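For reference, the structure discussed in these notes is given below.
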Amino acid sequence: MMTRRLTAVGLPAALFVVLALVPLYAGVFDDRFVLLFATRILIFAIVAVSLDFILGYGEMVSFGHAAYIGLGAYAVGILAEHDVWAAWISFPLAMAVCALFALVTGAISLRTRGVYFIMITLAFGQMAYYTTTSLSAYGGDDGLTMWGRSELFGTGLFNGDTSFYYIVFGVLLASYLILKVMTRSRFGRVLEGAKQNEARMEAIGIDPYRYRLTAFVLAGTIAGLAGALMANQAEFVSPAYMSWHRSGELIVMVILGGMGHLHGAILGAIAYMVLEETLSGYTEHWRLIFGPLLILIVLYGKGGLLGAIRGR
Amino acid sequence: MTVSEAAPILELQGLNKSYGALHVTKDVSLTVRRGEIHALIGPNGAGKTTLIGQISGSIAPNSGAIVFAGEDVSSLGVAQRARKGLGRSFQITAILPAFSVLENVALAVQAKDGHSFRFFKRASSDAELNNRAKVYLEMVGMTARAGLRAGDLSHGEKRVLEVAIALAGGPKLMLLDEPMAGTGPEETERLVTVLHGLKAKIPMLLIEHDMSAVFQLADRISVLVYGEIIASGAPEDIRRDPAVREAYLGGESDL
């Protein structure tokens, strides 16, 4: 019991300390690539954490979660195209667009369960994807190049590698903490209870639908914020951000790391992207190794990487 | 006794339900009075489960009305009826296995508090929830098990926990769907004691196969056969009713 509590607090704490030190490492070893790569990983980690919130705690297997990355990124990209660079305008707007998209699609999707929910979220994700490919004014299929980064009250913080890394780190930490607190609240109990036995929840007078929808919108909004960061990181926005492959990768990250703990999703995002990067350095057929490896981890490492760390 | 006290807490008025040509609920009328345990018995396939579905709100009757605490609730959903004060236990145990015993009850207390859009206060250290939940655990004698994972309880204890969960909702009526199903003799006895103790406070509609439990607890008994109520009355009258003996209890039963 005591050791369990220790890993529940100690592990995420250690994880964040390590992540906070990445720029230091990059500075000492003059390794810019590591810093840029880590920035990209953390952006995906934000999305994975938001997905774990609904998948791990609410059993909502959204197969369209990448759509929010794309929508958030496009909000920033399109505004930049019209010469609006202020982050205090573009970031809230990106989040609002995603919240609205999540509210509308979630209200419909959450009427279904199981495989149907997976299929319908996939369909909505693809709808968003094809909508952006047809946005010819903003690059269509080819995507949209941004000629700079968002501006935070004239500070230029988005432009420096290290400062941008800490912005992303801060967003990840805040998202993690807020969602973690929520999972332990009355709201979180309802989400988890509904996952365990929906009939019991209704019998005590709780209709889980509104709570699931709230969680779904919250997760979409956070993923949209990550999308806004992604646009800045790549200085480029493209429909590929929201392809269904991407949604699938996000699910794999959550399961790989160990779902239902939030920090597992961070571990999963790191492991997934590092593995991908390493293997693709050896051979262009890296997916042939990557695929079976993932299957083995999911099959034998019960509870994902977190489960393996806990030694269960 | 005043008029309002005498008024039934639950009144089923001419309920009918068919699935195609199969008429599973035939003009069922039944009342549960305040302060009584009304038992509903009947052989397998009598339509008890369908009837419970209609009372709790998961199945819509083709015709008829369900009046609960003086209000027609026929058009309300399961969660809405629960919030009106209809507590229940399930034939197949429905608890939240990954939560602790205390958490199971605390969640029901929380549900009674109204909405659960409270995002930041930690529920497990919410004394207001926990203290109230402990009262209900005490009522069913499960205080010692509070910290245990609900999924690890014995079958009988799970059934008792379900009663505690139903109690925590502050029900005006408890709908108990075969609470003794699958329990051993000692566990059955424990449940009978618990329910007996609650009887004065909370009226119950008890669906049960265990005849000894039914006759120990019930103030009135209704007998459902092929979707129809063939008899309704005091236990002694039911025991002697020739139609009941014929249709349900059979010759071998030693009632």
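Think of each number as a place in line: the chain as shown, counted from 1.
Cβ from N, Cα, C; glycine included.
Please treat TrEMBL annotations as automatic predictions, because they have not gone through curation.
Taken verbatim from TrEMBL:
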TRANSMEM  A:36-55  transmembrane segment
TRANSMEM  A:62-80  transmembrane segment
TRANSMEM  A:86-108  transmembrane segment
TRANSMEM  A:115-132  transmembrane segment
TRANSMEM  A:163-179  transmembrane segment
TRANSMEM  A:209-230  transmembrane segment
TRANSMEM  A:250-275  transmembrane segment
TRANSMEM  A:287-309  transmembrane segment
Considering the transmembrane segment (A:62-80), which listed stretch of A:86-108, A:209-230, A:250-275 counts the most C-beta pairs under 8 Å: A:209-230
Segment-segment contact (the transmembrane segment (A:209-230); the transmembrane segment (A:250-275)) at 3 or more Cβ pairs under 8 Å: no
Other parts of the chain folded back onto the transmembrane segment (A:250-275), taken as Cβ under 8 Å at six or more residues beyond its ends: 8, 11-12, 15, 37, 40-42, 44-45, 47-49, 51-53, 55-57, 61, 63, 65-66, 172, 176, 179-180, 183, 290, 293-294, 297-298, 303-307
